[in-house]
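Peer 1: These came from TrEMBL, pasted as-is:
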type	residues	note
SIGNAL	1-22	signal peptide
DOMAIN	12-220	domain 'GH16'
ACT_SITE	E106	active site, nucleophile
ACT_SITE	E110	active site, proton donor
CARBOHYD	N114	N-linked glycosylation site
Amino acid sequence: MANLLCIAVVLVVASFLPVSQAADSKSSFEDNFSIMWSEDHFKTSEDGQIWYLSLDKETGCGFQTKQRYRFGWFSMKLKLVGGDSAGVVTAYYMCTENGAGPERDELDFEFLGNRTGEPYLIQTNIYKNGTGGREMRHMLWFDPTEDFHTYSILWNNHQIVYFVDRVPVRVFKNTDYTNNFFPNEKPMYLFSSIWNADDWATRGGLEKTDWKKAPFVSSYKDFSVEACQWEDPYPACVSTTTTNWWDQYSAWHLSGDQKMDFAWVERNLVIYDYCKDSKRYPTLPEECSLSPWD
Ligand SMILES: *[C@@H]1O[C@H](CO)[C@@H](O)[C@H](O)[C@H]1NC(C)=O
Ligand SMILES: *[C@@H]1O[C@H](CO)[C@@H](O)[C@H](O)[C@H]1NC(C)=O
Ligand SMILES: *[C@@H]1O[C@H](CO)[C@@H](O)[C@H](O)[C@H]1NC(C)=O
């Protein structure tokens, strides 16, 4: 942990991050979301602005947006299960459908719990037409169980960028190469869920969930999206470049400040990158040759 603290100091000096935007007008959960499963494992604060998903031995819980979107900026504040959360995964993701269908596109953030005092990891992944295998894992520079932090996805036809507190931690580029592994045709819902994955999540499955510590609770607030809301029939959300900032030239690349932050993340926080895993991929997927700096 000591070197994590040092890193945190460096980050503060190295970057002046824009203040996060004001959340959407205070709408209620039901305006924009529905529960996917186990209504009784979902709660809100009295004013309705903080949402709690809980996992116990019986079941977890999940919610999804009512709307679908194609391209945009998607953001939410999460505070993850504290204490002993080994084996517990909180997922926060976008997907074209509710379920693991064979033709789905998906953009994932997964928060992998740990034993008390041991660090969480975040895993990100991308699916196109049912194929994933594009995992990266990162450490965080703070304890994500102590406070709310903002996790965001920027998605346009040129790049997908994962942000933590406005720091870009992962950049996934589109080149229209022959394999065309870039989700850009289908609209996606935004989801979040909490579930048990002690067969793989913590130290590769060695650390099991301690059910005596249940229920495990993740908290959410300040959902905000600036995106093209999908309306049937296809193709909706096509040429929006003139009006939507997330589709404009400046959002096709990292800015200078973002590049500095991203370089710092690359140097200090990456634990796993499928593009470096030549054991798993003797021939690396084509997108691995693309530069995040372009
Ligand atoms: C949330 O729901 C309201 C009411 O249905 C709707 O007007 C608004 O566009 C939705 N917001 C988002 C971000 O989808
Ligand atoms: C998507 O995957 C399915 C198999 O799961 C395949 O039949 C289909 O041709 C694929 N679609 C595209 C556009 O590649
Ligand atoms: C959990 O903690 C152990 C020990 O510090 C660490 O090796 C591991 O990467 C951490 N995270 C996960 C998800 O296993």
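Cβ atoms here come from the backbone N, Cα and C positions, even for glycine.
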Peer 1: Using a Cβ-Cβ cut-off under 8 angstroms and a sequence gap of six or more, which residues of the chain neighbour the residue listed as 'N-linked glycosylation site'?
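Peer 2: The residue listed as 'N-linked glycosylation site' has long-range Cβ partners S85, A86, Y120, L121, T202, E207.
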Peer 1: Cβ-Cβ under 8 Å from E110 (active site, proton donor), same chain, 6 or more residues apart: which ones?
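Peer 2: Looking at Cβ-Cβ distances below 8 Å from E110 (active site, proton donor), excluding near sequence neighbours, one finds V89, T90, A91, Y92, Y93, I122, Q123, T124, N125.
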Peer 1: Return the residues near E106 (active site, nucleophile), defined as same-chain residues 6+ apart in sequence whose C-beta is under 8 angstroms from its C-beta, sorted by sequence, else 'none'.
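Peer 2: In sequence order, Y93, M94, C95, T96, N125, I126, Y127, G132, P183, M188 meet the Cβ cut-off.
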Peer 1: Does any of E106, E110, N114 have a Cβ within less than 6 Å of an atom of ligand 3? These are the recorded positions; tell me which, or none.
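Peer 2: What lies within reach of ligand 3, judged by Cβ under 6 Å, is N114.
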Peer 1: Helix, strand or coil at the residue listed as 'N-linked glycosylation site', per DSSP?
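Peer 2: The residue in question, the residue listed as 'N-linked glycosylation site', is coil (DSSP, three-state).
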Peer 1: In this predicted model, what is the average pLDDT of the domain 'GH16' (12-220)?
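Peer 2: Across the domain 'GH16' (12-220), the average pLDDT comes out at 91.
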